[in-house]
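Remarks on the structure that follows.
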Amino acid sequence: MPSSNIPTEVTNSLKGVFTNINTDRLTEVLVAVVLCFIGFLIARFISNTFIRTIGVRFNAHQKLVWRRGIFYFIFLLFVMASLKEAGFKLSVFLGAAGILTVALGFASQTSASNLISGLFLIGEGSFEVGDTIQITLIRGHTIEGEVISIDLLSVKLLTQDNIYVRLPNEQLIRAPVQNLSKFPIRRIPITLAINFHEDIIKVREVLLDVANKYPLVLADPKPAVTVTAFRESSIELLFAVWCQQENYLKVRDEMQERIRNGFVDNQIEIPVPKMGFVDHPLSRPLENEEIDQYANEKALKREPDLK
């Protein structure tokens with residue numbers, strides 16, 4: 001078969017390079033190395049120039065993809081020219097590369113799936129480098145972190161605990177992904193519970209006053225207080241405020257403290273578990289008539305044995 005002769009031709013080509021070493025061959029190899037080096041510089045210069053000019057309107061992720069694509073394409077052309085200059089038969093190498101590609105395709109189906117998923121992620125542009133995303137995996141585990149790299153096989157995240165996480169692109173295609181930093185402002189929902197005897201109108205006024213006095217809370221969209229449910233021993237409220245994306249963690253933390261202070265100043269109670277003591281008869285000695293006579297009988301009457 002023709003394909004079976006390809007490894008033999010590659011071997012003969014390599015033997016021809018190393019067995020017929022002479023001045024001309026050394027000159028060709030030297031020219032090929034210089035050509036590769038020049039190609040590396042040219043590819044790097046063109047890719048960087050493209051990003052500085054045409055790519056200024058791209059986001060960080062698109063700049064990274066375009067820079068790598070242009071660089072590797074130009075550099076690959078120079079490498080092929082260098083191999084031809086050194087006396088290698090490109091048709092032989094291309095045939096061997098085709099067979100190797102087919103074999104690797106069957107052996108690495110997971111990598112191929114991640115590669116195709118990576119192309120979809122790059123084309124869709126749901127998130128980019130620098131965004132904070134949250135993904136819920138199949139088993140219910142939630143991962144949240146800042147995107148530091150988007151590659152063809154995986155996406156790299158850096159969590160708030162400074163942990164490096166690598167997520168295969170296939171999981172990002174299958175699972176829902178929340179982009180927490182897509183827009184400049186963000187909503188902070190705070191769930192509260194108050195006693196049944198509290199005045200809901202008064203509680204709403206106190207909460208809105210707390211939000212209006214905090215400068216990091218946005219006036220538009222306006223803060224809102226809604227009654228969400230009636231629990232066994234409380235009324236559940238949802239207090240929602242808006243803030244700038246960069247102030248999210250600070251506002252979420254300080255609003256909890258300001259709400260607590262506002263409730264204390266206005267004597268608004270939050271239901272808490274309480275424990276009390278009841279005067280039960282067991283707290284005094286039991287009388288004889290209160291004792292279970294059957295359980296405390298000294299001797300039980302037994303039926304006479306049947307003879």
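Glycine is treated like the rest: Cβ placed from N, Cα and C.
Not measured: the values here are computed from a predicted model.
Annotated in TrEMBL:
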- 29-46: transmembrane segment (TRANSMEM)
- 66-84: transmembrane segment (TRANSMEM)
- 90-107: transmembrane segment (TRANSMEM)
- 111-182: domain 'Mechanosensitive ion channel MscS' (DOMAIN)
- 192-270: domain 'Mechanosensitive ion channel MscS C-terminal' (DOMAIN)
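Secondary structure of the domain 'Mechanosensitive ion channel MscS C-terminal' (192-270) per DSSP, as helix, strand and coil residue counts: 34 helix, 20 strand, 25 coil.
Counting residues per DSSP class in helix, strand and coil order gives 20 helix, 27 strand, 25 coil for the domain 'Mechanosensitive ion channel MscS' (111-182).
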